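Participant: Pulled from Swiss-Prot, these are the listed features:
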- Lys22, Ser23, Arg27, Ser167, Gln169, Asp315, Lys342: 3-phosphoshikimate binding site (BINDING)
- Lys22, Gly94, Arg122, Gln169, Arg346, Arg388: phosphoenolpyruvate binding site (BINDING)
- Asp315: active site, proton acceptor (ACT_SITE)
Amino acid sequence: MQSYTVRPAKGIRGEITVPGDKSISHRSIMLGSIARGETTVRGFLRGEDNIATLNAFRAMGVVIDDDGETLRIAGKGLRGLAEPTDVLDCGNSGTSMRLLTGLLAPQRFYSVLSGDQYLRRRPMRRVVEPLSRMGACIHGREGGEKAPLAIVGRDLKGISYTSSVASAQVKSALMLAGLYAEGETRVTEPHLSRDHSERMFRHFGADIENGPAGVVVRGGRELEGRDIIVPGDISSAAFFMVAALIVPGSELLIRGVGVNPTRTGIIDILTAMGGSLELLDQREVSGEPVADILVRSSRLKGIEIAGEVVPRAIDEFPVICVAAAVAEGRTVVREARELRVKETDRIAAMATNLRAVGVTVTESEDGMDIEGAEQIAAGTVESFGDHRIAMSMLIAGLTAGGDITVTDTECIGTSFPTFFPLLEKVAAR
């Protein structure tokens, strides 16, 4: 089990580019594989989660060439996938498993999805139940709640579904099934979740309507291959945003970051805390808004975080907790129960780790209260096998009173394979 020790930094300075967006990378493989003709993808994130998706489609007969810079996907059309001869291994990727469940449910073959020990603990009924209402035949442990999932492909019918949680994975699974279903598939949510699927469906020519009331997909229309440029992942950029804010004497430019408004909760939260973040050269690339982000060290203050901003920053909460740990006053997080069913229980994991380095934290059922500390203490903490927990605590170490060691850091490769080189590049010692 690999551990990593980070020393306090004297500044976070320079200019970086973070790897491609994980969510968009997943979807580019999926839609490119079931489109007609060739799809090219530049900026694809070669993290373990996305490679799991890529390998799944290769196992279903899709030819995907990778020269290290550009992926070329020879699309099979809606009905061109082949039955896999073995279990499709999703690794640690909840996105791969949940979206593939929606895509595989209407295929005319049998398939099985599994993953690592962490993924096999995560809840899957949230996609199995609505897909079953569409006519899908899906079997899993604990009544469809846990993987492995065995899927017997069937013809599906569109439904109107109101999700109890704002989850892009649930929504996207139903949208993918809806491409094949008879009639309309309509999905509404309590708050708008990230809309990468809607944007990419439109880019590939799907019959789709979306707005504040939800999304409607009409089945049967073939998709056409497209050229895609994947922007930098704001969830990866978030670690370096927080680093530059909390380490005195910092100024960092992060180039080419996706700033989709359904993902910019992290910017809104850090700005509300008093952070200096400036969006430069705003433009649109492959249907997604992109900008360069200039971050300067700032004195942060505690705030209350709840409501519609929560799903727009759901993946960034571990590192938001680090910002809160060094902010003046108390930060209160509520309506974030979804954090308990991520790769690990992120509320419990961050509470445990922050307490281990001297921060006062009180858990609630759907969030936490964090009392800002004058300085984070040195110590040893756990990743809990969760890439975002590991990276967040390494960022905490940049402003601690001594070294922080994080155990089991191999998991960082699932989403951010270049994290360590970038950290060493910008951290002044």
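Yeah, the Cβs are placed from backbone N, Cα and C, and that goes for glycine too.
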Participant: Based on Cα coordinates, which of the following binding-site residues are within 10 Å of Arg122 (phosphoenolpyruvate binding site): Ser23, Arg27, Asp315, Lys342?
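Facilitator: Near Arg122 (phosphoenolpyruvate binding site) by Cα: Lys342.
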Participant: Near Gln169 (3-phosphoshikimate binding site), how many other Cβ atoms are within 10 Å of its Cβ?
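Facilitator: The Cβ of Gln169 (3-phosphoshikimate binding site) has 23 Cβ neighbours within 10 Å.
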Participant: State the Cα to Cα distance, in Å, between Ser167 (3-phosphoshikimate binding site) and Gly94 (phosphoenolpyruvate binding site), rounded to an integer.
Facilitator: 12
Participant: Using the residues the record lists for phosphoenolpyruvate (Lys22, Gly94, Arg122, Gln169, Arg346, Arg388), what whole-number Å value is the largest Cα to Cα distance?
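Facilitator: Between the outermost Cα atoms of Lys22, Gly94, Arg122, Gln169, Arg346, Arg388, the distance is 19 Å.
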Participant: Reported as an integer number of Å, what is the Cα distance between Arg27 (3-phosphoshikimate binding site) and Gly94 (phosphoenolpyruvate binding site)?
Facilitator: 13
Participant: How big is the Cα-to-Cα gap, in Å, between Lys22 (3-phosphoshikimate binding site) and Arg388 (phosphoenolpyruvate binding site)?
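Facilitator: That comes out at 13 Å between the alpha carbons.
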Participant: Sorted by position, what residues of the same chain at least six away from Arg388 (phosphoenolpyruvate binding site) have a C-beta under 8 A from it?
Facilitator: Ser235, Asp315, Pro318, Val319, Lys342, Glu343, Arg346, Ser415
Participant: Please report how many Å separate the Cα atom of Gln169 (3-phosphoshikimate binding site) from that of Gly94 (phosphoenolpyruvate binding site), as a whole number.
Facilitator: 8
Participant: Given Ser23 (3-phosphoshikimate binding site) and Gly94 (phosphoenolpyruvate binding site), what distance in Å do their CA atoms have, once rounded to a whole number?
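Facilitator: The separation of the Cα atoms works out to 11 Å.
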Participant: Return one of helix, strand or coil for Ser167 (3-phosphoshikimate binding site), based on DSSP.
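Facilitator: Note: Ser167 (3-phosphoshikimate binding site) is coil by DSSP, not helix or strand.
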Participant: Least buried of the binding-site residues Ser23, Ser167, going by other Cβ atoms within 10 Å?
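Facilitator: Least crowded of the binding-site residues Ser23, Ser167, by Cβ count within 10 Å, is Ser167.
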Participant: Are there any residues in the same chain, six or more apart in sequence, whose C-beta is under 8 angstroms from the C-beta of Gly94 (phosphoenolpyruvate binding site), and if so which?
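Facilitator: Non-local contacts for Gly94 (phosphoenolpyruvate binding site): Leu119, Arg122, Gln169, Lys342, Glu343.
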